[in-house]
Amino acid sequence: MAPKRTADGRRRKRGQKTEDNKVARHEESVADDFEDEKQKPRRKSSFPKVSQGKRKRGCSDPGDPTNGAAKKKVAKATAKSKNLKVLKEEALSDGDDFRDSPADCKKAKKHPKSKVVDQGTDEDDSEDDWEEVEELTEPVLDMGENSATSPSDMPVKAVEIEIETPQQAKERERSEKIKMEFETYLRRMMKRFNKEVQENMHKVHLLCLLASGFYRNSICRQPDLLAIGLSIIPIRFTKVPLQDRDAYYLSNLVKWFIGTFTVNADLSASEQDDLQTTLERRIAIYSARDNEELVHIFLLILRALQLLTRLVLSLQPIPLKSAVTKGRKSSKETSVEGPGGSSELSSNSPESHNKPTTSRRIKEEETLSEGRGKATARGKRGTGTAGSRQRRKPSCSEGEEAEQKVQGRPHARKRRVAAKVSYKEESESDGAGSGSDFEPSSGEGQHSSDEDCEPGPRKQKRASAPQRTKAGSKSASKTQRGSQCEPSSFPEASSSSSGCKRGKKVSSGAEEMADRKPAGVDQWLEVYCEPQAKWVCVDCVHGVVGQPVACYKYATKPMTYVVGIDSDGWVRDVTQRYDPAWMTATRKCRVDAEWWAETLRPYRSLLTEREKKEDQEFQAKHLDQPLPTSISTYKNHPLYALKRHLLKFQAIYPETAAVLGYCRGEAVYSRDCVHTLHSRDTWLKQARVVRLGEVPYKMVKGFSNRARKARLSEPQLHDHNDLGLYGHWQTEEYQPPIAVDGKVPRNEFGNVYLFLPSMMPVGCVQMTLPNLNRVARKLGIDCVQAITGFDFHGGYCHPVTDGYIVCEEFRDVLLAAWENEQAIIEKKEKEKKEKRALGNWKLLVRGLLIRERLKLRYGAKSEAAAPHAAGGGLSSDEEEGTSSQAEAARVLAASWPQNREDPEQKSEYTKMTRKRRAAEASHLFPFEKL
């Protein structure tokens, strides 16, 4: 019998044994030899020599010396066959044997022979040196794996191995690259399209809001309403002259208005009545339905007092940027700031109840699968892994044990254990205050009640945000295993608790619900005070005069577009007066400044001096503000700039510009010191040239085709800055050349640059007549193309031409010659057209003649000549009666062969002479004579 092994895979040595124990042990081994062979795990390596000798000796009887030799031979053959069978079964069962080396197979084949040779020498020592130990059984799971890999499951077909050649790898990489680039292109086009749609919607909504403001402003300047408003104003306000109506006067007027008019939301509002009728009714009862009507009434009173007043509107269009990116950002904040947010959201879905898998359980399953794969690769040579598998418990039991440990020792490292094991206490104590930040967490087992959902007193400090994030990812999913809290207890807990987490964010929907605040006062008034010569804001809803900060406080956020409309309909953008974040965040949320300025251009006031003073007021207000403390704020700032934010074609001039301050050690310069530089060619397009002797103020790397080819030809110039840039202070106006002796001055390319009208050569004119160069060439007059710009397409720069440049003295001559040339061309075109029409008519007539001739020769003549031979025409009745007969005759003639001639006609042809026949055939075409 083979020696047994312990659970840890090692053999235990022992002293000498008595003969009685040996004999008893051998008798038991003879009976259980085959059973032990089946039950013990198969091993890939060969058995030791001592065990092989002991196995064979256990099959014989030591007390019978007569049959020793015969039994040895039988035992030898039996052991050899058993070992071969075991090796075959190992080859079929072990998943790793297909990858064994040939040396291992040879070693396995030679194993029985070496066993027989060493049998006699080691059989006595093996019994005395080794002790038999009870063997641990394999797990049922491993036996199932061995049974699953039976010989019947082995692949029958041959294994095909495909090797990718380098050429195929290049083709595959190329196709994948093309596919990836195409997907990127489609993604960019979709994003661009969505961006354009969102921007157009923003513009349309903005225009609609602006049109609504125009309508309300026009209603508030109706003479009837102004008369009604003037009738209710006390006399003390009307007696004050216009030059004395300052901010103090406006404050008293606002106090009287607030004390006189009230806001009553219960007033009826009829959809059939227009705004004018509604305002008349509201003034009659000294009450308004909302703040909007209150502002309109006060606007009527101010305009009735002959005060220059603006209706200021804070427009709230749809966002310029899509809300998709905002939703993604909020979801990220949810996963970071709210550690239990993902688990709480998933616990509400039905899938979360069916799949309560935790992160620890997933890790343990991965470890278990790796352990199984390693055990299969080893051929199950050891039982230590099996024992560890049996001792491994499910993840649910580990979680329960951990929770029990926490409950058993609540004061020992309480914060750390609570953060790692269960997030329930923290979520109940911190996040149960509001419905948007709280989700009912699960309890342990089936013992959930209303008390579990109610927030308890806080016993420990709230950990910092990173710690909560790390702890929540491990423990938040554990709270899903139990049953959910009852829905009836959720509103009570949310309404009763007050200590909710402000920094915790659950979902984007919760953020939107939290951000929904009542709309503010988005309209107020501005009055121009003559004594101060400035516009003063008036908020009649809150009784505020001359406080732009208060108007911003009560308005709806964000404040992006604030426009003022005066009594004449002129519009002014006054966002800079009210929005404190105008220079940083607000400008990024607005539409393109050029489009907005172009939109308001038709409504710009004619009082330019007053607008200039207002612009200076805005500039002074911005300069009074302190320097920004964040470096990112200086990027594209309208007042300040840093050197790090300068673009490729920008520079600070002069070099000794004044430093306004420092931000984290970097000098802050005024935006007026930032200038845009250009190359010589670019300045020439603006009709300016670089002065002689000027040195480039900045050198950069050019990216024109010529510059790139030059760098490719010489590798040492790869990083060389070859393009010189010049500032406006280094240039002068372009001086056009003078035409001499009827010759137009040209550039090095044989053309004339005419980017601006001021670049016209002296003594020359531009004539935009097509094909003028051909007329000038015939007359011998100099004519040059005019280059007005360049168009970039197809990867290259193409010149754009517009007419020709000629000397001024040849203008009339060329014009007359060109007109004469056009008349000749028109005459030729007319003659060509007439000739073509005449040829078409000739062809048509000739075809008709041929058709009639063919009809006379081959057509049916009997039915066509019958009505004429009878003489005279038929009546209408006769025509109707004979129509059927004529149709039958026509069908008969069409069905009968037409290539047969009448006998009379055939006799006439035979009597005709050759001359007569030739004369008759003289007018025929050659193909008709055949």
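Just so you know, glycine gets a Cβ as well, placed from its N, Cα and C.
Considering S346, S483, S876, the record held by Swiss-Prot lists S876, annotated as phosphoserine. In Swiss-Prot, the annotation phosphoserine falls on S93, out of S93, S152, S494, S713. Looking up S441, S477, S875 in Swiss-Prot shows the phosphoserine annotation sitting on S875. Broken down by DSSP into helix, strand and coil, the region 'Interaction with CETN2' (840-859) contains 19 helix, 0 strand, 1 coil. If you take the C-beta of K157 (SUMO2 cross-link) and look for same-chain residues 6 or more apart in sequence within under 8 angstroms, you find none. For the region 'Interaction with CETN2' (840-859), the model's pLDDT averages out at 92. DSSP classifies K157 (SUMO2 cross-link) as coil under the three-state reduction.
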